[in-house]
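Asks: Here you go, one structure.
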Amino acid sequence: MELFFITSNDGKVREAKKFLEPLGINVIKKPLEYPEIQADTLEDVVVFGLNWLKDKVDKPFIIEDSGLFIEALNGFPGVYSAYVYKTIGLDGILKLMEGIENRKAYFKSVIGFYDGEIHLFVGEVRGRISNEKRGLHGFGYDPIFVPDGFDKTFAEMSTEEKNSVSHRGKALKEFYRWMKENLKK
Ligand code: ITT
Ligand code: NA
């Protein structure tokens, strides 16, 4: 089947393709703008986006909202992750974390799928903020996030390796599991 991924982010599309294409789902990036509301949760942002898009797109489609939640910063940047990345960036986050011993953080991904009804698929990965940027792969905050059980950052992993532990990999897995059970292909 063909599945539109409505996003501006090539990194997200690369990961979704790597995960879903071997399973027979052809992911097509559709850079259609939709309003991202200022909300307290990623889920609220996704539900609003799906409701806004549902009558404007005919093919089955997904959107995704994600964020990095740093414990010592009370969950910042969280739902503001995209804005913070574009403004203070990785160096800004590292600066905020200077001298802070608790470097625990988690990434969360919420995938929204619309088929006449709204379906959400969620994934999280726990880890920590590194002391410096490392690695050239991935995108966004990948160079400063070390997932639990590893000594390397997401940016030091291949797409497959990142998918096998990441928030997005987990959400994609939930999505695929649901698709297999609920949709005739
Ligand atoms: P959309 O068009 O899909 O909204 P976006 O890049 O604006 O793309 P979000 O609104 O979901 O994405 O914002 C999430 C922010 O967190 C953004 O700055 C990403 O770079 C970052 N981010 C999300 N997933 C990430 C990951 O797997 N690794 C590193 N950074 C990530
Ligand atoms: Na966005």
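Please read every residue number as a count from 1 along the shown chain.
Even glycines carry a Cβ here, placed using N, Cα and C.
When I checked Swiss-Prot for this same protein, it listed these features:
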BINDING   Thr7, Ser8, Asn9, Asp10, Gly11, Lys12, Ser66, Phe139, Gly140, Tyr141, Asp142, Lys162, His167, Arg168  substrate binding site
BINDING   Glu36, Asp65  Mg(2+) binding site
ACT_SITE  Asp65  active site, proton acceptor
Asks: Express the distance between the Cα positions of Asp65 (Mg(2+) binding site) and Thr7 (substrate binding site) as a whole number of Å.
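Replies: Here the two Cα atoms are 9 Å apart.
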Asks: Looking at substrate and its recorded binding residues Thr7, Ser8, Asn9, Asp10, Gly11, Lys12, Ser66, Phe139, Gly140, Tyr141, Asp142, Lys162, His167, Arg168, figure out the farthest C-alpha pair and report it in angstrom, whole number.
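Replies: Output for substrate binders Thr7, Ser8, Asn9, Asp10, Gly11, Lys12, Ser66, Phe139, Gly140, Tyr141, Asp142, Lys162, His167, Arg168: max Cα distance 20 Å.
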Asks: As a check: which entries in Thr7, Gly11, Glu36, Asp65, His167, the binding-site residues, place their Cβ less than 6 Å from an atom of ligand 2?
Replies: Glu36
Asks: Sorry to bug you, but what's the C-alpha spacing from Glu36 (Mg(2+) binding site) to His167 (substrate binding site), rounded to the closest Å?
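Replies: So the Cα of Glu36 (Mg(2+) binding site) lies 20 Å away from that of His167 (substrate binding site).
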Asks: Pop the Cα-Cα gap between Glu36 (Mg(2+) binding site) and Gly11 (substrate binding site) into the table, whole Å please.
Replies: 19
Asks: Looking only at Cβ atoms, how many others are within 10 Å of the one on Thr7 (substrate binding site)?
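Replies: 19, counting other Cβ atoms within 10 Å of Thr7 (substrate binding site).
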Asks: Let me spell it out: for each of the binding-site residues (Glu36, Asp142), count the other Cβ atoms within 10 Å of that residue's Cβ, using every protein chain shown. Which one has the most?
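Replies: When each Cβ's neighbours within 10 Å are tallied, Asp142 leads.
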